[in-house]
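Let me begin by presenting the structure, written as structure tokens, before commenting on it.
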Amino acid sequence: MWFKSCRMTFACLNRMKSYRYPWTRPYSTSGTTVDSSEVKTFLALAHRWWDEQGVYAPLHSMNDLRVPFIRDNLLKTVANHQPGKPLSGMKILDVGCGGGLLTEPLGRLGASVIGIDPVDENIKTAQRHKSFDPVLDKRIEYRACSLEEIVEETAETFDAVVASEVVEHVIDLETFVQCCFQVLKPSGSLFITTINKTQLSYALGIVFAEQIAGIVPKGTHTWEKFVSPEKLESILESNGLSVQTVAGMLYNPFSGYWHWSENTSLNYAAYAVKSGVQEHQVPAEFVLKEEAEELQATASTNPAVHEELKK
């Protein structure tokens, strides 16, 4: 009986040491996820976003996959929707929106979308393009800022956050994910598309795409910032986001089209849901307090536990 009691006590102790509850620790906006060198790269290309045959042609084509991916998964979260405007009533944050290539299609589906980007010239391009469509002009708002700058004012505001071809450019992925968690409503959806960190992604994504074929400008990507699906899933799960789907994406540079694939060694898409916090749940800090008091009581009569607590 004594050994069983000790095992339970040590298990409780270990749980206290490793306990994580991201929804109770607001992120401080003193840091940044924005890489200044990345800003300079995209600043030079800000005027080219809407050239469908130019350097952003693969992103235009990617809409054939990512728009239905976002739409269909969001529709699973609602009972009814309006024909022609299936995302009506939803608030979406498009992080790293660039010139609005993905923001506009989401707005056309009826969503109210805020697109943010740290490059001011990107936002100017996006603003100018949406102004040609009076409907989009009402549904879409653009801001020149980083995600962490709006965390406090938009806490638990959005039904969905989209970060498409963005996480491979940030300097602190975990902080970025924590910010996404903060601005999502409970049970809100996070959509990410990015590039896997493999030898193949280096050979094709950087050497071939940037240096040989010129599909994207040189210096657009840094292989060290690429992230594997396994690492991304680990970061998401440890920060209160439950991964629902991971799917591979392949681009054919000759046809200019994307298609879904079981192979995630190059590009992939991920869909995660924010863990809902029920109103009747006991706050984590109270749970830990009760466990601590129980351990102290046990330690007073059990030398082995007392020594473990001192570690």
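Quick reminder: no glycine exception, Cβ is built from N, Cα and C everywhere.
According to TrEMBL, the protein has these features:
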- R66, G96, D117, S164: S-adenosyl-L-methionine binding site (BINDING)
- E165, E168, H169: Mg(2+) binding site (BINDING)
What's the number of neighbouring CB atoms sitting within 10 A of the CB on R66 (S-adenosyl-L-methionine binding site)?
22
Spatial neighbours, same chain, of E168 (Mg(2+) binding site) - Cβ under 8 Å, 6+ residues apart:
T194, I195, H221, T222, K225, F226, V227
Least surrounded among the binding-site residues, given as D117, E165, when other CB atoms within 10 Å are counted:
E165
Given a separation of at least six residues and a C-beta threshold under 8 Å, show me what packs close to S164 (S-adenosyl-L-methionine binding site) in the same chain.
M62, R66, D94, G96, L102, F191, I192, T193
Excluding E165, E168, H169, please set out which residues of the same chain place their CB within 8 Å of the center of the CB atoms of the Mg(2+) site, keeping sequence order.
G96, V166, V167, V170, T194, I195, H221, K225
Could you list the residues of the same chain, at least six apart in sequence, whose Cβ is under 8 A from the Cβ of H169 (Mg(2+) binding site)?
D35, E38, G96, K225
Using a 10 Å cut-off, grab the number of neighbouring Cβ atoms around the Cβ of G96 (S-adenosyl-L-methionine binding site), all chains included.
26
What whole-number Å value do you get for the CA-CA distance of D117 (S-adenosyl-L-methionine binding site) and E165 (Mg(2+) binding site)?
13
